[in-house]
Amino acid sequence: MAGLQLMTPASSPMGPFFGLPWQQEAIHDNIYTPRKYQVELLEAALDHNTIVCLNSGSGKTFIAVLLSKELSYQIRGDFSKNTKRTVFLVNSEKQVSQQVSAVRTHTDLKVGEYSDQEKTQCWAKERWYLEFETHQVLVMTCHIFLNVLKSGNVSLSNINLLVFDECHLAIQDHPYREIMKICESCQPCPRILGLTASILNGKCDPRDLEEKIQKLEEILRSNAETATDLVVLDRYASQPCEIVLDCGPYIDKSGLYQRLLNELDEALNFLIDCNISTHSKERDSTLISKQILSDCQTVLLVLGPWCADKVAGMMVRELQKYIKHEQEELHRKFLLFTDTILRKIHALCEEHFSPASLDMKFVTPKVIKLLEILRKYKPYERQQFESVEWYNNRNQDNYVSWSDSEDDDDEDEEIEEKEKTETSFPSPFTNILCGIIFVERRYTAVVLNRLIKEAGKQDPELAYISSNFITGHGIGKNQPRNKQMEVEFRKQEEVLRKFRAHETNLLIATSIVEEGVDIPKCNLVVRFDLPSEYRSYVQSKGRARAPISNYIMLADSDKIKAFEEDLKTYKAIEKILRNKCSKSIDCGNTESEPIVDDDEIFPPYVLRQDDGSPRVTINTAIGHINRYCARLPSDPFTHLAPKCKTREFPDGLYRSTLYLPINSPLRAPIVGPPMNCGRLADRAVALICCKKLHEIGELDDHLMPVGKETVKYEEELDLHDEEETSVPGRPGSTKRRQCYPKAIPECLRNSYPKPGQPCYLYVIGMVLTTPLPDELNFRRRKLYPPEDTTRCFGILTAKPIPQIPHFPVYTRSGEVTISIELKKSGFTLNLEQLELITRLHQYIFSHILRLEKPALEFKPTVADCAYCVLPLNVVNDSGTLDIDFKFVEDIEKSEARTGIPNTQYSAESPFIFKLEDYQDAVIIPRQVIYRNFDQPHRFYVADVYTDLTPLSKFPSPEYETFAEYYKTKYNLDLTNLNQPLLDVDHTSSRLNLLTPRHLNQKGKALPLSSAEKRKAKWESLQNKQILVPELCAIHPVPASLWRKAVCLPSILYRLHCLLTAEELRAQTAIDAGVGVKSLPDDFRYPNLDFGWKRSIDSKTFISNQSSSSVESESDCRLNKTTAPDSAASSAANSVIYMQINDQMSVNCTPPCQKSLSHLQTVCFSDDYKAINGISCNGLTNGDWEAESAACFQKDERITCKQEIPEKSTSFHVQNLPKENQPILKECTLSNSDGNVSKPTSDECPSTCTSDMHYDSGLSNRHSSKTLGPNPGLILQALTLSNASDGFNLERLEMLGDSFLKHAITTYLFCTYPDAHEGRLSYMRSKKVSNCNLYRLGKKKGSPSRMVVSIFDPPVNWLPPGYIVNQDKNSDKWESNETSGEDVMVNGKIDEDFDDEEDEDLMWRNPKEETDFDDDFLEYDQEHIKFIDSMLMGSGAFVKKIPLSSFAPPDQNYEWRAPKKPPLESSQFPCDFDDFDYSSWDAMCYLDPSKAVEEDDFVVGFWNPSEENCGADAGKQSISYDLHTEQCIADKSIADCVEALLGCYLTSCGERAAQLFLCSLGLKVLPEVRKLVTNTNVISASSSYQNSTRDNCTLTARTNTDLSSCKGIDYGYLKIPPRCMFEHPDAEKTLDHLISGFENFEKKINYPFKNKAYLLQAFTHASYHYNTITDCYQRLEFLGDAILDYLITKHLYEDPRQHSPGVLTDLRSALVNNTIFASLAVKYDYHKYFKAISPELFHVIDDFVQFQLEKNEMQGMDSELRRSEEDEEKEEDIEVPKAMGDIFESLAGAIYMDSGMSLETVWHVYYPMMQPLIEKFSANVPRSPVRELLEMEPETAKFSPAERTYDGKVRVTVEVVGKGKFKGVGRSYRIAKSAAARRALRSLKANQSQVPNS
């Protein structure tokens, strides 16, 4: 037998490349890709009466249901008007309901079910008529139908389709037969479909079979069609070469074989003879023993003694377990007996051979033959095949797409990552063989594998084999599995995975692998035991599917004769079935023809006339077409293939027509030329088709299918010039950060007044609009409304300042509204006056505010941003404000101006107290008390205690009186012992007054309980700070003005930002034509506010609404009297004021606690739950419960460890040098949102801040709609959450994001009517990518205008007139010493007192003092460690700062990374997302809205040493100046662009937003060349037309406009003209195809004008009967974006004002495939769905059943699983993506049909979605993955994907210390979420058991 000739890949004439196993789904080159057999069967059944012979029941349902659906247009309508009906016949009653539910699930037809023969027998004709009238499909048993026919109740001519289930019964005497007899007499006869799965049972004679089939065909008057699963699987696939090998008998030379056999026989006989009486209940004691011994015997017979020895050894081990666990004596004895026998066998073998090495004498001839075959497959030495190509071929069936969304550009990286792990390449030796050996018994497989491995060690020829075995143990889908089987199961899947990945090249398997297991196409299949029946033969043969393969059957000599007979039978059966195979072409002959040079017959299609030019010949054309179809977009269930029909004409010529899948742009059938034979006709038509595809650009110039990156749409992808690459990180990502200068508004640039030049004087109006409510005024301080005193500040500049909205600052007295009003202009000042003013300006910033520091220099003439701040007062009785020169001069003269007057009092000239001097005073204690000579403390006098004197009792027991305290402690004698004492307050060191102190981030008030405690504290004397007037000097600046001065940094900063925003608004008006360039003089935007009022809980601070409004009105009047000229100058404005007061008086008043901006509170708002392990101790101290508890709402879990001992004093973070202060990223108000709920659609009522109801006083001509957005709203869009302001861009960004997607989608859809979804998707993802948006934003100059870090005047604010002095900067700071108690940092002494707590009471009660100096606070140990590590661990300050660390206050220091993390905490991984550096160096933050992939977010303490951005980024450092520059991540810029879009959308409507996008360079509207250049060309939509009365309107574009100069205008998108293809009888086809859809239109309450849209929305790519419209993919692409936008917009406008985090969660909960699919099923979309895809059919079937059982909607694919028990292999029920798709495509269809009306779509969809929106808004669902990662941020780790045996994906998540959890699903995402869900369930179960300690 040495001459065995096998066709091995290596020897094949086509060269070795062909048989590569990884040519898995080889694209056929000479025949069209075969379609699924069910599809072919359906086609046949539609064409003629058919008997379908199938293997499985499920396939039958598919064909029957789809056939009735296809023919349903014949049965819709009135029975009385001769409409027909469909009848399903079944054999028995119980099958009725199965059929009924199948038809009901997949169609909207009315189904009647009749199973009770008795009952129906007595029905009269009328009753039956009624049944036929009311139902369209009737399912009944055959007996009932026979009766109906016999009694003449209905005639067969009324029936269009008759389905016979189990039609093989018709051969016998059966009602089926009689029914068919009646049929014969009837004309026209209904269409007949017979279904049978049992035409082949066991062995049968081919002749009988043929007869049976013929007879059946006659009876049912049909053609039998067999499914290809009964013949070899692809009827086109090349058949394997079948070989039967006679192996000859085993010659037992040594006699060992016989001895072993005898031993086993005897033992078995003994066991059989043991006649132990077993009761039926008891188990048979000998059972296990018999089983083991007979298995051993089989191995001996089949494989020989060597293997018998091996198996005996294995069995002995297995027996030990049984013996150990066996309780019963008798059983045990039998087991021991068996054990002995096995040991004996082993001993016998050992005498003959050494078990270690394989001796060929002791194996059977079969094994030797097998090894011989395997040797033939030995590969040539190290052939390196280029198999990479295959792995990356995305349209292969087994290509796993990891990405579920096309739009995310971060996805690409991920895909690469994941693919790397998947494709472990085969070693060079596994690259040829891919084989399976089928054996019958499990043990045979195990031992044969062992033998092959052993042989490989000994025989170098076999060394290439890497084998494994798999037995059917536990692979069955539905058996219950125990733990041990589970382990088995896992192992087997691993085996299959390796075989699939070609890590092993030989699989030894039991017959289980014949069916249903997904394995690659093999090129060798060996039947070690002969197949015993046809089914087994076909199934194992069907595994040999590689293009060149061998199917070898090994036969023992004695069996070979009998088997040859069997084989003949099998062949004959196969032949009969093949003939019955639908449209079978006997392809044997075509393949065997020699390949002639057909070019002669039909010339090839050549691109260029040169030799190497790409060409398609008649022989390669079919391959090109197949490849093209495989690249069209489709889902995992559908493999698109061309359809070719060949007809023979009478003249003997053949002609083929080729139909491409319906989502190819080439829609018309292609008719080929007439040819001599069918094969050539097929090829010729393919060649013509290639030519056409190339002409329309579907094949590229290499004649390969173009990818989505197609050249054709190049213009859409004008990707900008490549980014500068010096910056590490991927453009557009969060990891890439760059520096930008901070913008300076044009009107403030170089605007320092010059002598003799005209100036503008603006007054800074300040009015207390919401006084601090009593509950918050803990110290019972008097409130000081700024309008009570006339002296105030003004701004002197050389340029006019545009009007900006009034805005609030929050002082100790409450909310103060700031206005900037022009006082006078055009006047001039002389040099002397200007110098005086300039000196005072510097004095304010350097002395009062102490903002001067070595790094800053005052050079008003050089500074970029320079204007003067100066005091104004009512001068010379005129009652108008003007510059207060007298006051300025007084200050210059005063000796207390800078230092402290050295007045000495003595007994002779004692101190004299004058009350009026102290009424409005700031006092400075004399040096003796405080050590700071250079920077003494300043105090406001809060109260004069006339009843106390220095002799009054001192509050703490150490000293008798105040006088004694000063004497003892400071050796001071007082000269006046009758003077009253002063109660003082610190002047404020908190300079960031942008947001109130007592509100948490959301504008929610802090709870009052803690307030009560504090009030008590402030009422006791002990906690007041008391000074003696004699020991203090009075400062020349009065307290009232000082209080106003403290507001200056916040006012000027806010002014600056608003002017920047206003400038952006004006710029956009020019570029985009949205809004006007300069605002009308009489117009002012409504005030800036934080939008909290509308989202406030009912629990506000003000108990009585009415009283507050009264109060505010009086404020307003007062303001009129005191400053008639300023804030309330016009009636219109006063109206605004009152309204604002009404609103503002609710609860936006600041308290008097410590500043939020310096983080005394650790706030986690609802959506940022605290995470275990952030230790808060570094952040707050004794005061912790008061403030931070206040920040947690009732329902929040606080999991911070509170290790902060209560102390009487409190350590303030303030006392750290500024840049060392820790801060919580989300600490202040970042979570709220300025623009609250302005609906974006035009007609909704406006409730938005930016358009508060101010029309009453303003003329209606102006609104943000016409003028452009409120600068306040623009500012919100420019503010990142890191800026910790009262608003940020997050909500607007989400709205902008979804509108952007919608605008671009609509544009692409309308502009490229021929592009299929894959291409549209690709173009969209490029346009909306962060990278693209970042580039556009950068081009527009957004980065400079953005507000990225917290406003901290001492650190990062440059006062007007100052410049940053670089040289001084570095010299000064490097030489500065960092030791000594009063370390100066930023020119601030570290004892910078907080305005609130009086740390330094000179006589404070010293509880267990760790006596630091008097005025240093006590720290607990934790704090000290914290501060030490902050100050010392950080090393010295140097000049550069590392990239991605936070900027220092000036650019000259850097943190050298601490050696260990500053807080004793584990090193958290740090996610640097959106972190803009500000001056905070110890950082702990969490911000889920900036989540990493899959919503994981990380909480971490920042540690610069760990930061790595790319390989070498760590080394590179960005050095920048905090005052004038800011460092921003690319992604933040992209976010800002989206937020600006959201801002234009909410203010000016959708058209304006589209124009804004166009002006950015994102084309979303078609360009129109302008012809007219006359003045006002209104380019706005009609809704603005009414505003044309007045020429300051909207987009009146004159020819001075930039855009007009370019001559470009933007038109409107046009709906693509055709949605139906030209087709001879299109209308008729359309009516057929959408028959029944009117019910659906009623259900959704929208009648389509153009029904073709409706059809298109429901047509799946696999549905080739629709020849008149496209499939739904394009509409789905459109609908997806529309629904996303509509839902996001709805959520954004929700009056509940969801925070950004909640908004994100809600959006992802509502806009996802699961929800859409569930809704689609709920509203019956699936019943109208048109698809021909068996797998999809079953998935939908399962899903619908599941939904019915569940009967309620699920969020976040939440509990989508069948049962709790199926824990181990929890597989989420699969959500058919197609269902979600048609939900979206219908939205797209309505949008197009209604003339692009979003309102119409929402009108249809809102009622469907409302219940869910309500349900989720009330209780926001989160994705399981995110929830798990929030619960276990440190310990949950997801594994990469593994493939399971049936081709699904498994993901394991390990929660360290709590277990591993697995999830399975069709994609990585589904599996991941299933795993997370199981982990959560387990963790939650454990939590509930362990009550929280």
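Please read every residue number as a count from 1 along the shown chain.
Glycine is no exception: its Cβ is also placed from the backbone N, Cα and C atoms.
Annotated features, as they stand in Swiss-Prot:
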type	residues	note
DOMAIN	41-217	domain 'Helicase ATP-binding'
BINDING	Leu54, Asn55, Ser56, Gly57, Ser58, Gly59, Lys60, Thr61	ATP binding site
MOTIF	165-168	motif 'DECH box'
REGION	400-424	region 'Disordered'
COMPBIAS	404-416	compositional bias 'Acidic residues'
DOMAIN	424-593	domain 'Helicase C-terminal'
DOMAIN	621-713	domain 'Dicer dsRNA-binding fold'
REGION	718-737	region 'Disordered'
DOMAIN	886-1036	domain 'PAZ'
DOMAIN	1249-1380	domain 'RNase III 1'
DOMAIN	1637-1795	domain 'RNase III 2'
SITE	Lys1777	site 'Important for activity'
DOMAIN	1820-1885	domain 'DRBM'
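DSSP assigns Thr61 (ATP binding site) to a helix in the three-state reduction.
Lys1777 (site 'Important for activity') sits 21 Å from Gly59 (ATP binding site), taking the C-alpha atoms as the reference points. Only residues 6 or more beyond the boundaries of the motif 'DECH box' (165-168), in the same chain, are considered here, and those with a CB under 8 A from a CB of the stretch are 51, 60, 64, 88-91, 95, 99, 176, 194-199, 212, 216, 220. Note on the domain 'RNase III 1' (1249-1380): its mean pLDDT in the predicted model is 79.
When the recorded positions Lys60, Lys1777 are compared by the number of other C-beta atoms lying within 10 angstroms of their own C-beta, Lys1777 comes out lowest.
DSSP gives Leu54 (ATP binding site) a coil state; it is part of no helix or strand. In the three-state DSSP scheme, Lys1777 (site 'Important for activity') is classed as helix. Shown for the domain 'DRBM' (1820-1885): DSSP residue counts in helix, strand and coil, namely 26 helix, 19 strand, 21 coil. Helix first, then strand, then coil: DSSP counts for the domain 'Dicer dsRNA-binding fold' (621-713) stand at 32 helix, 17 strand, 44 coil.
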